[in-house]
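Per TrEMBL, the features are as follows:
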REPEAT    20-62  repeat 'WD'
REPEAT    70-112  repeat 'WD'
REPEAT    114-155  repeat 'WD'
COILED    385-412  coiled coil
Amino acid sequence: ALLLVPPLQTGRIDKSYPTVCGHTGPVLDIDWCPHNDQVIASGSEDCTVMVWQIPENGLTLSLTEPVVVLEGHSKRVGIVAWHPTARNVLLSAGCDNAIIIWNVGTGEALINLDDMHVDMIYNVSWNRNGSLICTSSKDKKVRVIDPRKQEIVAEKEKTHEGARPMRAIFLADGNIFTTGFSRMSERQLALWNPKNMEEPIALHEMDTSNGVLLPFYDPDTNIIYLCGKGDSSIRYFEITDESPYVHYLNTFSSKEPQRGMGFMPKRGLDVNKCEIARFFKLHERKCEPIIMTVPRKSDLFQDDLYPDTAGPEAALEAEEWFEGKNADPLLISLKHGYIPGKNRDLKVVKKNILDNKPAANKKSDLINAPKKAADASNPQNEAKLDEILKELKSIKDTITNQDERISKLEQQMAKIAD
């Protein structure tokens, strides 16, 4: 099961607290959708991926029905990762050494990369605009893959010589950051240029602990946080264009070791307190938030700490991405604190298998549909259409009036506050 707890709720959780429970085996990975704060995907030992729609105000009853079940892996699914810029595109990787990319909106597997990895996949990372993925594997290789062309663009053997697990993530500038172990079992971190994987741009030895280093990356500040499994510390580094490229900043230390870590997206942070990162540290029986702030004397918005960040709007629809389009994330400012918009419900459109139209026509059909309706000579249809248009206009007018009212109230509040 998954347990979904509001971030401000603390203390012991009641045994009868509602859960998300639909899998028949342990849940191995979860990922919140970057374009809808109410949607979460989970991969499990039962070989399925499930996508859940969480009610706006949280769960009051346990949720047992996922919006969609994605079945295609023959072994357990250990990795799920949403596409950073295209709506409803989800990647999953399993112990069958296959990577499947799904269109969650239709519940279909559209890309299946099942012959690229000969050994277990440790992790998968999308690049900034979601045109490439990089993977680390038990065969000590890091691969850069173009999923739509289904080809390996670059690969590096023995990225780290040691036998223990590695991790590889894309940075905003297109370089790849890896963590792993040397032949002497020392922990290493390295920076690579995918256009030339012969030698690393930078390679640093860390220590001889045997916990796998999990990298968490903030593309806005170019800071990488390394959390070792079983460590009780978080080290953080800044990545720059100048030598030594990876600059050690500091270490956060605590008494208890971490079993796992979660990372809050930038738009979930408190900009008024100069919070630049928030971790959720998993202990044996509890989860503890760790908040990192940059002390500033001024109460004003610190625009150097908060450059425009990826917002919740998707830059592309799933069909556009599968057809070959790319787009960078749509950025938003955090100047007035992040105000969440209305999330749309995730609707899954099951295709009619008997209707063998090519997928590319789907979009044009949607565009043409209203025209066809308008062309219909049936006066009943026309009357209905007029009715709908009138209703739309009245809704738009209501929204405009409410917006004006809200801005007036905000001005009044500001005056009172001053």
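Just so it is clear, glycine is given a Cβ too, placed from its N, Cα and C backbone atoms.
Across the repeat 'WD' (114-155), DSSP assigns 0 helix, 21 strand, 21 coil. Listed as Cβ neighbours of the repeat 'WD' (70-112) (distance under 8 Å, sequence separation of 6 or more from its ends, same chain) are residues 25, 28-35, 41-51, 118-121, 123-126, 128-130, 133, 135, 145, 147-148, 150, 310, 314-322, 326-330, 346-351. Within its own chain, the repeat 'WD' (114-155) is flanked in space by residues 78-79, 81, 83-86, 89, 91, 93, 95-99, 101, 161, 163, 165-170, 172, 174, 176, 178, 180, 192, 194-195, 197, 219, 321-322, 324, 326-329, which lie at least six positions past its ends and keep a Cβ under 8 Å from the stretch. Secondary structure of the repeat 'WD' (70-112) per DSSP, as helix, strand and coil residue counts: 0 helix, 25 strand, 18 coil.
Computed over the coiled coil (385-412), the whole-number mean pLDDT of the model equals 85.
Per-class residue totals from DSSP over the repeat 'WD' (20-62), listed helix then strand then coil: 0 helix, 19 strand, 24 coil.
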